[in-house]
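Chemist: Feature table excerpt (TrEMBL):
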- 302-314: compositional bias 'Basic and acidic residues' (COMPBIAS)
- 315-325: compositional bias 'Polar residues' (COMPBIAS)
- 10-152: domain 'EamA' (DOMAIN)
- 162-294: domain 'EamA' (DOMAIN)
- 302-325: region 'Disordered' (REGION)
- 35-56: transmembrane segment (TRANSMEM)
- 82-106: transmembrane segment (TRANSMEM)
- 112-130: transmembrane segment (TRANSMEM)
- 137-159: transmembrane segment (TRANSMEM)
- 165-181: transmembrane segment (TRANSMEM)
- 193-211: transmembrane segment (TRANSMEM)
- 223-241: transmembrane segment (TRANSMEM)
- 253-273: transmembrane segment (TRANSMEM)
Amino acid sequence: MKSVRIRHSFYLLLATLFWGTTFVAQSVAMNSLGPYTYNVCRFLVGFAVLLPLGIWSGRRDPHAVNYKNHTKESASQRRRSLLLGGIACGICIFLSGSLQQIGLVYTTAGKSGFLTAMYILLVPVFGLFLHRKCPVTVWIASAIAVVGLYFLCITENVSINKGDVITLCSAAVFAVHILVVDRVSPEVNGVQLSAFQFLIGGLVSVIPMLLFESPSWVAVSHAWGPILYAGIFSCGVAYTLQIIGQRDLNPTVASLLMSLESCIAVISSWLILGDTMSGRELFGCVLMFCAIILAQLPEKKKASDGTDRRKDIRSAQTVGAAEQS
């Protein structure tokens, strides 16, 4: 079980690597495309990449809808879980991405990065309503990560405006997405769920694209490189790794791992775009890495567990002595 947790934690860390570097691609694509057009393109590219993989992997995966050895009842249950989970996840990624883009109109990029990552606190809070409890160390790690995010993202005077509220709503929706994945991922094929959520997210994004933007093939052709990178690696690879990685992890621990996206975004901007990194930002990154390590530490076994074991041993010794007499 420990090796499984380590492997799935690695999947999530790899996902954050792709998400973090996608901020660079997104900033380049925004020079040619509106946010909804960008979302339609990258979501549908992600769906196109994952569709054949979902069909192929499903033939050998008992969680998949096209697994050949399903009973009629089992196949029906898998289809229902995939349908409902895919629709819920697709709407979540559409809403969270759209709200984040709208919030950026009224707030700074630094505050947006900080507030978006507040899902690391919202996930355990929402999880309480679903009877998903977290160890004390994870709550402490979440608090440390929030402080790290503050140093990483906030460089100006703190004030609240409507853009901040909208961005915080984006974080709340992404927290819901994490919990939906936590609920659905053990029941479905991860690649198929990821593909279906991007189909839904892409189709829903078409509506505001046509209402509020004027998309053109010329504009899309100018941004084909960032679109392909985001569609293949951020959508196709990273979100699939998230779904697979969350299967055996506490959703709060998963959210902490994924919050490293902010660190990677800053570092990739420094390496690729030539942005500068201040000592304050480096300190924030260090705090976040410390929070991740703390969240991964194994829980201490309760003293009562040891007491119970001692009682069991004494009971067994008593029974053995009685049998010998």
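Each residue, glycine too, has its Cβ placed from N, Cα and C.
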Chemist: Mind checking which residues of the chain, 6+ beyond the ends of the transmembrane segment (165-181), have their Cβ under 8 Å from one of its Cβ atoms?
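Modeler: That would be 85, 88-89, 92-93, 95-97, 99-100, 102-104, 106-107, 111-112, 115-119, 122-123, 126-127, 130, 132, 193, 242-243, 246, 251, 254-255, 258.
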Chemist: How about long-range neighbours of the transmembrane segment (193-211): same chain, 6 or more residues beyond its ends, C-beta under 8 Å?
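Modeler: For the transmembrane segment (193-211), the nonlocal Cβ contacts are 34, 36-37, 39-40, 43-44, 46-47, 50-51, 53-54, 82-83, 85-87, 89-91, 93-94, 97-98, 181, 184-185, 235-236, 239-240, 243.
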Chemist: Looking only at the domain 'EamA' (162-294), what are its DSSP counts of helix, strand and coil residues?
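Modeler: Split into helix, strand and coil, the domain 'EamA' (162-294) gives 117 helix, 0 strand, 16 coil.
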Chemist: Would you report the average pLDDT that the model assigns to the domain 'EamA' (162-294)?
Modeler: 87
